[in-house]
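Have a look at the structure below, then the notes.
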Amino acid sequence: MTDKTYKIAVLPGDGIGPEVMAQAHKVLDAIEKKHAIHFEREEHDVGGIAIDNHGCPLPQSTVTACEESDAVLFGSVGGPKWEHLPPNDQPERGALLPLRKHFQLFCNLRPAQIHSGLEAFSPLRADISGRGFDIVVVRELTGGIYFGQPKGREGEGANEKAYDTEIYHRFEIERIAKIAFESARLRRKKVCSIDKANVLQSSILWREVVEELAKDYPDVELSHMYIDNATMQLIKDPAQFDVMLCSNIFGDIISDECAMITGSMGMLPSASLNESKFGLYEPAGGSAPDIAGKNIANPVAQILSAALMLRYSLGEEAAAQDIENAVSQALAAGELTADLAGDKPALSTAEMGDKIAQYILNS
């Protein structure tokens, strides 16, 4: 049987990006050995290193490589070296936002969970974190109040005013809700849709459309929750949630809250998808230039981003689960990088990558 081949554009970027990406490569190598899969991988410049080498944060050659690939595995961009540049020329705004726009990445997926043995890092009370949680926030990324028109400021003195417009079209709600329901089918089959339908017209439409779409997913349990209650319930009982479906602004709030209650940002991957399931996969954290090159960064978020890539863009669920299980095994065995080890001996970035790859091969 011939191996399935996937073409991956690998964009390590700046700061800790290259060293954590090297660990994702090790894990993908292990997946190739275990499964009938081959990854054709090419690395390309993005962010600050692209400014240094090409004069701009997102060279056309990088965009072309992404267009010719099945998915993009992204590291991190930015650092003090480029902060003097105009905002639109800086690595973050000049690379990530144009990539999202170019590929019409309307859906952001942010998993958040407490891994066994890491409960103490959560700011939640021990009896709450001890129950564990495993949530995926499905956030609409291109609509809503951040992009709705009109927006602006006018007037002066006491009559000066500013305004933004929350707009959602039926098709925007349908396509993001579809991803939430399909994600739930791969998990515990529960979707909680977050809105403010007691006040906002956009939320009333949101709820109506989600209810209609739910009829196509009779195996998935749908519930609704107002955003203000949802932020409280995440603190009180996060274990009740499986997939949380959110508009742009509500998802912005909820995904950051979910990240914080895990207590370990270095562990959190994210995915941004378009309608054809093409995606950009990246750690939720930043480029951490203060620890770059020291071989101490936690590579788990980058490795789990590769697992999301396998699941959502490539449809390789078994391989994705192998990576996630290997990460869980390493953490449960107390194999931790410096950000989590505390007083115990810490693994280096490279050692953590080696451990996780070995767990995959041994499974």
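Placement of Cβ uses the backbone N, Cα and C atoms for every residue, glycine included.
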For this session: Look at the substrate binding annotation in Swiss-Prot, where ARG100, ARG139, ASP228 are given, and name the residue from ARG110, ARG125, ARG153 listed for that site too.
Result: ARG110
Exercise. How far apart, in Å, are the two Cα atoms that lie farthest from each other among ARG100, ARG110, ARG139, ASP228, the residues recorded as binding substrate?
Worked result: 29
Problem set entry | Most crowded position, judged by CB atoms within 10 A, among ARG100, ARG110 as binding-site residues | ARG110
Seminar exercise, completed: Densest Cβ environment (other Cβ within 10 Å) across the binding-site residues GLY79, PRO87, PRO91 belongs to PRO91
Exercise. Between ALA288 (NAD(+) binding site) and ASP256 (Mg(2+) binding site), how far is it from one CA atom to the other, in Å?
Worked result: 18
For this session: Return one of helix, strand or coil for ARG100 (substrate binding site), based on DSSP.
Result: helix
Seminar exercise, completed: Densest Cβ environment (other Cβ within 10 Å) across the binding-site residues ASP228, ASP252, ASP256 belongs to ASP252
Problem set entry | Neighbour count (Cβ, 10 Å) for GLU83 (NAD(+) binding site) | 11
